[in-house]
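Colleague: Right, I'll just put the structure down here and ask away after.
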Amino acid sequence: MDKQDKQDKRDSQGSQHAQGPQHTQGSQDPRDARQEPRESDARPVLEGPDIARVLTRIAHEIVERAKGADDVVLLGIPTRGVFLGRRLAAKLEQITDRKIPVGSLDITMYRDDLRMHPPRALARTEIPGDGIDGKLVVLVDDVLFSGRTIRAALDALNDIGRPRAVQLAVLVDRGHRELPIRADYVGKNLPTSLRETVKVQLAEEDGRDTVLLGVKQTAPGAQH
Amino acid sequence: MQRHLISAADLSRDDAVHVLDTAEEMARVADRPIKKLPTLRGRTIVNLFFEDSTRTRISFEAAEKRLSADVINFSAKGSSVSKGESLKDTAQTLEAMGVDAVVIRHGASGAPYRLATSGWIDAAVINAGDGTHQHPTQALLDAFTMRRRLVGRDTGLGRDLSGKRITIVGDVLHSRVARSNVDLLHTLGAEVTLVAPPTLVPVGVETWPCEVSYDLDSTLPKSDAVMMLRVQRERMNAAFFPTEREYSRRYGLDGDRMARMPEHAIVMHPGPMVRGMEITAAVADSDRCTVVEQVANGVSIRMAVLYLLLGGNEPAVAHARTTEEK
């Protein structure tokens, strides 16, 4: 029971990653409705201005730790990590006055739960022109939860090149790690229970910036 | 649960566009230093080829290997089939070995359908060409090539081929490529015209969702893509036209005819080409001819099909006919 519960939580997070914006038919797919968490009384824990401030702080932290961010490459994990990556890059460019390479890294094909669901739509992997060899890659994602997405991202990176180092920036860390993975830059630590859902909405995709904390309803149709 | 790809006609518009979009992402793997994804690790796929093939078999094999599947190649020559083993017994042998998918090419139309629906095996069945019936992955890769060239690589994502005028020229009678393409292109909203000598137009073509013409020259100026078909001598048991020279003059594509096509129009060929017969060397080597591109796209399309059929716990592409029977 407990294991199943965890699995469902992970799905609700994963479904955010699974749909690239270009796959318009995804919204008509009844399977997506099944994976989408049902929320009641979701309350915002971060609003638009908070998110902007958080990203500014993370940008400064990256510059500080990388001593100028000379060789930083930002790779966002679709869908929302990509938008966060682009926003971070814009902030970094303001701070350093230099162009910061930014791209996206789709981890769908590297997931460890592929066989538990119908095949997911793929999103775009876009590696900046100079590649990642010898660079400091900062992975950017919206929510850090089980850590499995990041494990998959590390595997995917392995097939693309050999960075000097890999760091992780997330907007929200909600705990409940299932793998020995931690974030280097955290927007907000959000202690949650497994019965709660965390949903990040960004203007590029959802029309507004917010992080919603809700309670998951156990829907009879949600079991696989 | 059935999960097969038997006919291009079984794909809905959304399914087909989904395959093309997935293939677009798969194509990017070919640009990477390590052209491999771990997605089908531990899955076993048999390439069951009862008929000769270079392109399709190698293409499937490359796609399977790029997705990390375990690949077993089987050709009828040198196997128990030449000793008289039936398709059923061969299939059950494969089943006993725990195969997850069978890619089958067979000289008899309907053999993949029989394999998929007879209950002999549990594995997914992918049709790699059966007799004069269907060759769905070829139609998908052709549609993929058209969408890339005529709509655009990135702008084409999520879109179909509506309004595009496609002309298919040559031996339609024996061509599974033509049948699959007519089905799929119609689903994707394109207007298809078949051009062939009357003897090479199949009976019942009036029920197909396409136009038929006997005159190549009047059709060319109205075409966004022209697909030339090979004259399939190995399937011909009668004289369908007087001489090769006459066929070539009336239905072959040469430089003069290509010049009459619209500026943006492309020339396609499923291969193998017979230069001097349906296509001249000048046309085959021109940059409007997409033959080599089609081969590269074939790997991406087959990766997409394999991923969508085998990548999860159930297929992402519904198979209308066999699911109805369940």
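Using the three backbone atoms N, Cα and C, a Cβ is placed for every residue, glycine included.
The domain 'Aspartate/ornithine carbamoyltransferase carbamoyl-P binding' feature in TrEMBL is assigned to B:3-147. Sequence annotations record features per position, and here TrEMBL assigns carbamoyl phosphate binding site to B:ARG55, B:THR56, B:ARG105, B:HIS135, B:GLN138, B:GLY271, B:PRO272. According to TrEMBL, the L-aspartate binding site annotation covers B:LYS83, B:ARG176, B:ARG230. Annotation comment: TrEMBL describes B:163-309 as domain 'Aspartate/ornithine carbamoyltransferase Asp/Orn-binding'.
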Colleague: Sorry to bug you, but what's the C-alpha spacing from B:HIS135 (carbamoyl phosphate binding site) to B:ARG230 (L-aspartate binding site), rounded to the closest Å?
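Modeller: Just about 15 Å between their Cα atoms.
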Colleague: By DSSP, how many residues in the domain 'Aspartate/ornithine carbamoyltransferase carbamoyl-P binding' (B:3-147) are helix, how many strand, and how many coil?
Modeller: 67 helix, 27 strand, 51 coil
Colleague: Other Cβ atoms within 10 Å is the metric here; tell me which of the binding-site residues B:GLY271, B:PRO272 scores highest.
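Modeller: Ranked by Cβ atoms within 10 Å, first place goes to B:GLY271.
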Colleague: If you measure from the Cα of B:LYS83 (L-aspartate binding site), which of the binding-site residues B:ARG55, B:ARG105, B:HIS135, B:GLN138, B:GLY271 is the nearest?
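Modeller: In terms of Cα distance, B:LYS83 (L-aspartate binding site) lies closest to B:ARG105.
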Colleague: Long-range neighbours only, meaning 6 or more apart in sequence with Cβ under 8 Å: which ones does B:GLN138 (carbamoyl phosphate binding site) have?
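Modeller: Listed in sequence order: B:THR56, B:GLY129, B:ARG176, B:VAL177, B:SER180, B:ASN181, B:PRO270, B:GLY298.
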Colleague: What are the sequence-distant neighbours of B:ARG55 (carbamoyl phosphate binding site), meaning same chain, six or more residues apart, C-beta distance under 8 angstroms?
Modeller: B:GLY271, B:PRO272, B:VAL295, B:GLY298
Colleague: Mind checking how the domain 'Aspartate/ornithine carbamoyltransferase Asp/Orn-binding' (B:163-309) divides into helix, strand and coil residues in DSSP?
Modeller: 64 helix, 24 strand, 59 coil
Colleague: Could you check the binding-site residues B:LYS83, B:ARG105, B:HIS135, B:ARG176, B:ARG230 and say which one's CB has the fewest neighbouring CB atoms inside 10 Å?
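Modeller: Selected from the binding-site residues B:LYS83, B:ARG105, B:HIS135, B:ARG176, B:ARG230 on minimum Cβ neighbours within 10 Å: B:LYS83.
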Colleague: What's the number of neighbouring CB atoms sitting within 10 A of the CB on B:THR56 (carbamoyl phosphate binding site)?
Modeller: 25
